[in-house]
Amino acid sequence: MAPAPPPAASFSPAEVQRRLAAGACWVRRGARLYDLTGFVRHHPGGEQLLRSRAGQDISADLDGPPHRHSDNARRWLEQYYVGELRGDLQGSMENVTVTSVETRKADPAIEPRFKTVDWDKDLVDWQKPLLWQVGHLGEKYDEWVHQPVTRPIRLFHSDLVEALSKTAWYSVPIIWVPLMLYLSWSYYRTLAQGNVRLFTSFTTEYSVAVPESVFPGLFVLGMFLWSLIEYLIHRFLFHMKPPSNSYYLIMLHFVMHGQHHKAPFDGSRLVFPPVPASAVVAFFYTLLRLILPEAVGGALFAGGLLGYIVYDMTHYYLHFGSPRKGSYLYRMKAHHVKHHFAHQKSGFGISTKLWDYFFHTLIPEETHPKTQ
């Protein structure tokens, strides 16, 4: 017979108020208390909006207008459950004063305590690398991978390979911005020499000269083409549904993108690691060199590389940034969080919604948090 679960902790209104005064962000749903201190900067409605709910009953926010939260959002909330509220539920929390996050420091003795899912009853063993386990989930994989958790993921047995699968966000500009600048300057100088011509592989009589003045257009075109490639990869490769009977395709999907949907706030896996990124970069560079004159393909590639940098930095910011309410990035953050928690088969654009509009995969506006 399985042992009975430990009793839930209980807190008086005074104890909750002490934590709120120390800068914590606790909310309640009925008598159930949740510590969202570690989540406030990720909230799609913004940190200020979530902190304004501190100490309050959020049942109406979850289940009613202006937007109804998904089942995934409710499951996510349960990972932050800390205990039950004792005392008068109607009036005891009404006079809590929440101070601005900029002027309060968290009490070191009150660290966020997350009650996550029951790992012993989950479909995988979280004490072991997940990559070798997910292939056995079969038909349960698709549902499991789209139920987010708030914990880091280990993929590989090897410490070296595991380390190469992770990266800090700042590695992207450090590695790729200098290369983008070097290629831009190099291929601009090549175009400035005036001897670059299109179509010379087909005909010399009707080949077209490529002046240096077209470099900005080629560069911007490269950024534009990257935005399309970004959308197509995200929609058709990252969000393919692997066959339930294919162990290796499930593994491939998980290592490419499934692990990000399972742990969307694992900051070490939000940008593309340099080693696999180098292989992708080399592929696109070689492809452009094969089909276009070197300087033309190089100018397009440099623009595409900047597009990739903007994409990866935007993606990181949409998960960890706190954009100003009503701004473009605020709307993109709300759009992307909806993609993770409720609409995994739409909303594929990261840095722009252009291709979601064009291909009719935009998340309906009525499902977004209000921005007014």
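Glycine is no exception: its Cβ is also placed from the backbone N, Cα and C atoms.
Annotation source TrEMBL lists domain 'Cytochrome b5 heme-binding' at 8-86.
According to TrEMBL, the feature heme binding site maps to His43, His69.
Here TrEMBL flags 168-188 (among others) as transmembrane segment.
Residues or ranges marked as transmembrane segment by TrEMBL: 214-233 (among others). Beyond the transmembrane segment (214-233), the same-chain residues lying 6 or more positions past its ends with a Cβ under 8 Å from any Cβ of the stretch are 184, 187-188, 191, 296, 299-308, 310-311, 348-352, 354-356, 359.
The Zn(2+) binding site annotation in TrEMBL covers His234, His239, His257, His260, His261, His315, His319, His336, His339, His340. Counted within 10 Å of its Cβ, the other Cβ atoms near His261 (Zn(2+) binding site) come to 19, all protein chains included.
Annotation comment: TrEMBL describes 270-292 (among others) as transmembrane segment. Using a Cβ-Cβ cut-off under 8 Å and counting only residues 6 or more beyond its ends in the same chain, the transmembrane segment (270-292) has close neighbours at 164-169, 171-172, 175-176, 198, 260, 298, 300-301, 304-305, 308, 312-313, 315-316, 319-320.
Feature annotation from TrEMBL assigns transmembrane segment to 298-318 (among others).
If you draw a 10 Å sphere around the CB of His339 (Zn(2+) binding site), it holds 24 other CB atoms from the protein chains shown. Counted within 10 Å of its Cβ, the other Cβ atoms near His319 (Zn(2+) binding site) come to 20, all protein chains included. His257 (Zn(2+) binding site): 17 other CB atoms within 10 A of its CB, across all protein chains. Cβ neighbours within 10 Å of His234 (Zn(2+) binding site), excluding its own Cβ and spanning all shown chains: 19. The predicted model assigns the domain 'Cytochrome b5 heme-binding' (8-86) a mean pLDDT of 66.
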